[in-house]
Amino acid sequence: MGQKCVTLNRDGWTCKPAKEQFGACVCRNSDYKSRPDIDDQEDEVHQTVEVDTAKCGWSKVRHVENMHVPQGGVYTGQAREDGQPHGIGSQRWPDGTVYSGHWVAGVAHGHGKLSKSDGSGYEGDWVEGRKHGSGCEWLADESQYRGEFADGQKHGSGCFKWEGGASYTGQFCEDSLQGEGTFLWGDGRLYKGQWVQSRMHGTGRFEWPDGKSFEGKYESDKKHGPGVFSWPDGSKCMGIWASGKQHGMGTHVNSRGVARKGRWKNGTLDQWLDPPPTEPTSTEEESPTSPASPSRTGRSQATATSTETN
């Protein structure tokens with residue numbers, strides 16, 4: 001695989017080396033509460049993959065039809081002299097699960113397809129009975145992941161698409177969204193940036209369908225730290241956010257580029273810290289709802305940052 005987990009960690013979370021043979025890393029305690037569910041099942045297929053039989057000490061492989069296996073189910077395909085599936089074959093389990101593909105010494109190894117009776121399944125690379133390499137996994141609700149796997153889990157680069165239209169494209173670490181990635185919600189919202197344990201965490205940019213955006217620091221899915229909130233008309237607020245709300249000193253710049261400093265408290269403008277600036281003269285009469293005046297629109301827009309989700 002060669003894919004490493006990005007070492008982005010919040011307090012209490014660590015990213016440590018995984019099993020040596022996979023050369024990756026393991027991030028524990030993944031949390032999906034804020035994300036559409038990602039299937040975390042670890043499918044193991046025993047009786048599966050193709051290798052050089054001489055290396056395994058088995059020079060004779062025969063073809064069998066409807067052979068009953070000790071673990072349950074019926075197997076048809078190539079098998080060793082001792083009855084272990086070995087080569088190319090297909091096995092059906094009593095619950096309707098079917099695996100077709102390569103086997104080595106009774107376990108899935110190589111390329112193969114697993115189909116379940118509920119409509120879910122996986123097709124791609126297998127190593128010693130576990131998903132490992134490149135593949136595509138689909139769920140009963142038609143959600144789908146296509147990308148890299150390691151030791152039976154989504155690990156590396158990939159794309160997950162949920163039934164409701166949401167999608168994530170980027171890096172994964174042991175089934176978690178981890179590293180750099182882009183999440184697109186079904187309603188058009190978009191976040192592009194850093195992730196830790198399936199949460200927006202680090203530097204990123206969030207965009208809303210109506211043209212608003214926030215670029216700055218996130219912590220556990222909330223704006224937290226320095227950032228800039230922008231509106232479609234060109235106005236913006238620069239300052240500090242805490243737990244999703246602007247809090248502390250900041251600067252509001254209106255659509256004409258006129259700046260004014262202020263103090264925010266829990267997402268609400270508490271007070272301006274300097275007098276109203278002199279607006280550029282204009283021959284065009286200013287409408288009552290014009291964003292030109294920071295003493296009027298500056299307050300409403302600056303306060304609006306506390307009402308935006310994420």
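Every residue, even glycine, has its Cβ placed from backbone N, Cα and C.
Those TrEMBL annotations? Automatic predictions, nothing curated.
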Task: Feature region 'Disordered' in TrEMBL, mapped to one of the ranges 32-53, 76-97, 208-229 - done: 208-229
Task: Intrachain residues whose Cβ lies under 8 Å of the region 'Disordered' (208-229), provided they are six or more past its termini - done: 10, 34, 187-189, 193-194, 199-202, 236-246, 305, 308, 310
